[in-house]
Amino acid sequence: MSTPQPQTHQQAAPAPNWQSAPGTSYTSPIPVTRTHLGHALTSEWTKIKSVRSTMWTLGVFLLLVVGIGLLVAAQTNDNDYADVPYTIPAFFGLILGQICLITLGVLVVSSEYGTGMIRTTFTASPQRHRVLTAKLLIFFVVAFVVSALAIGFVGLVTSGMHGGASDNEWGGTVLKGALYVSLLGVLALAVGSMLRHSAGAITAMLGLVLVPAILPAFLMMSESLRTVGDKMMDYNAPNALAKIFEIDSENGGGTSQLVLLIGVTAAAIAGAYVLLERRDV
Amino acid sequence: MIEVEGLTKRYGEKMAVNQLTFAVRPGIVTGFLGPNGAGKSTTMRMMLGLDRPTAGDVRIDGQHYDRLKDPLTYIGALLDAKAMHGGRSAFNHLLCLAQSNGIPRGRVHEVLDTVGLTAVAKKKAKGFSLGMGQRLGIAGALLGDPRILMFDEPVNGLDPEGIHWIRNLMKSLAAQGRTVFVSSHLMSEMALTADHLVVIGQGRLLADTSMADFIRENSRSYVRIRSPQRELLLDVLHRAGIVVVETGGGTLEVDGHRPEDIGELAAQHRIVLHELSPQQASLEEAFMQLTAESVEYHAHSGAPLGAAPPPLPGDRPGPPTPGPQVPGPQWGDDWKKG
Ligand SMILES: Nc1ncnc2c1ncn2[C@@H]1O[C@H](COP(=O)(O)OP(=O)(O)O)[C@@H](O)[C@H]1O
Ligand SMILES: [Mg+2]
C-alpha cells in the first residue's frame, strides 16, 4: 500500500494563528472538557467492541453455551428434570465457555501491554485507576449480560421442550450462573493487569480453575491432606457451577462458592489497583 | 512550557537519567539530542507520567501531568509509532482516544485528514507501513489540538518524503505558538528543525543552548597539512608555538591558525607541502565531541570538563591515531547499541 500524500492538507491546515509570532502560547479553539469516569467508560466501550477478538471470544462462548445446551436439552427426557432447574443444560456449555470469558478478561488489559497501546492510553488518561475502573465495569457488564442471555435462552428453550417436568425455580440460577462466570472473567482481568502478559495470565487463570478440580483426586490418597482435598473439591470452579445449577442439590446452591469468588476477585482487584499506580508502564 | 527539575531515573544499577534540569519554551522547536541510550525516551516517559522518576520533578505549565484534567488538549505525544492495537481501525483507535478526553467525534475526521489517512481510516492499523503508523500516531497527538507536542525520534525509519513532511509539520506547529519538543540521535536532523537544543549523554545534561549559539561555538575550523618532510615541519611548527594534532596517514591538523600563516612559515624553511587546506568540522562531529567529553568526565570523575579535546572520531582515511585515547567506555558503545 502506498503512503498517502498529505502535502495538500498540510498547506490547508494552518489556522489563523499561523502568523502569530514565536514565543506566544497557542490556544486551541476546541472547548476544554474536564475528563471523568464517563469519558473513560465510553472509550473502553469503543475499545472492547472495535477489535475482532472480542467478537470471536464472545461468539465462541455463545456457541458453546447455547449449542451444547440445546443439544443436551434435546437428548434428555422430561423425567430428567424432576429435581433440577430448566437451565441445567447450560451448565455443560459453561464449563467450557468460562474459558472464553477468562481469555477475554485477560485480553481486555494485557493486549494493551502487549501492543504498547497502554502508553497511548495512559498518556490520554493519566488517572490510571480510572482506566482500570472503566475496564472492569465495561467488561463485567458485557460478560454478565451475554452469559445471562445465553443461560436464560437455554432455560427458556428447555422449559418449552420439557414443559411441566420441573418445578425448580430457575430465574435465580440464570443470575447466579452469569454472576459466577463473569466474576471469573473479572478476576482474569485483574490478574492480567498485574501480570501484563496474555499467555502468562491465561495460564495462571486456567491453573486456578482446573488445578483445584484435579488435585483433590491425588490429595485424597494422603490422610493428612484429606481435609485440604475436601475443601478444594467443594470450592473449585466447575463444582461451584454444578452447585449453582443444583446438580448436587445440597449446601445452598453454591452461595458460599460465590462468596469465595467475590472475595478472591476483590483481593485481586485491590492488588491490581495498588500495582497499577506504583509501576512504570 | 515544560519544566524539568533534577529529574533522575535509575533502573536497578543503571542510571538512565541523571539530575536533568531544563525548560522547554513555547513557540519554538526544541531539539532533544543524544546518542542511543542517552536517556531521551526515558525522560519523555517521565514527562508524561508513564515512568515514575527516582528523584526530581516535571511540571507542565506548572502542573504535574497526572493532575491535568484534559491531558490531550495540553500535550500530544508520539512516543512509539507501534503504540496501538493492530486489530483496531485507524478511525476507532483515534475515536477511543478522543472519547477518553471528551473530544468531539468530528475532530477524528479532521486529524485523519491532516495526516492524510482519510482513505485508510477503516483499515486495521496492523496493515499500515511504518510511515502510515507514524502518521496515525501523529494524528493521535494532534487530536486535542494541544499546546505542547512531543515526538520521540519521529523520523526514524521513514522515507525521505515522510521525513520532509514531519519536519514541515513540526515547524508549522511551533510557528502557531505551540511548544514542540522533539528527540533525535542525529545532529544533522536537529540542525534542520530545531531552534533550541538540549543535549544529553549518559543521562546527564551536556548543553542547553540555542541552535545558533551551538553552531557558532562548535563549528571548529582547522587546517589540514600533509608534507613529505613531516618531522621537519613538526619541529618548525613546534618552535613557532603552534599546536599540532597528528592524525592518521601522516596528516597534521592545526587549530586556530590561518592556512596563509602556515604556508609562509613552511616556505621560510623550504618545506614542501602536499596539502594545505582549511577544514570545517561538521556539527555532527561537534556533537560527537560533546558526548565523548561526557564519557571522559564520567570515566575519571573530577577531571575538569572539556580540559583537552579528545581526538575527533570521523571519516578520516588511514588507521586511527594512537594519540590520547578516551579511557573507559566509549561514546560509540551507546551509539551503536539499539
Ligand atoms: N525499562 C527499562 N529497564 C531497564 N533499563 C532501561 C529501561 N528503559 C531504558 N533503560 C536503559 O536506560 C538507558 C536510557 O535508555 P533510553 O531512554 O531508551 O535512551 P534513548 O531514548 O536516549 O536512546 C539505556 O541504557 C537503556 O538500556
Ligand atoms: Mg529512545
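Even glycines carry a Cβ here, placed using N, Cα and C.
Database features, via TrEMBL:
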COMPBIAS  A:1-16  compositional bias 'Low complexity'
REGION    A:1-24  region 'Disordered'
TRANSMEM  A:55-74  transmembrane segment
TRANSMEM  A:86-109  transmembrane segment
TRANSMEM  A:136-157  transmembrane segment
TRANSMEM  A:177-195  transmembrane segment
TRANSMEM  A:202-221  transmembrane segment
TRANSMEM  A:258-276  transmembrane segment
Contact check, the transmembrane segment (A:86-109) vs the transmembrane segment (A:258-276), 3+ Cβ pairs under 8 Å, seq sep 6+: no
Interface-richest range of A:55-74, A:177-195, A:202-221 toward the transmembrane segment (A:258-276), CB pairs under 8 Å: A:177-195
Contact set, same chain, for the transmembrane segment (A:177-195): CB under 8 Å, 6 or more residues outside the stretch: 87, 90-91, 94, 97-98, 101-110, 132, 135-136, 139-140, 143-144, 147-148, 151, 201-202, 204-205, 208-209, 237, 240-241, 244-245, 254, 257-258, 261-262, 264-265, 268-269, 271-272, 275-276
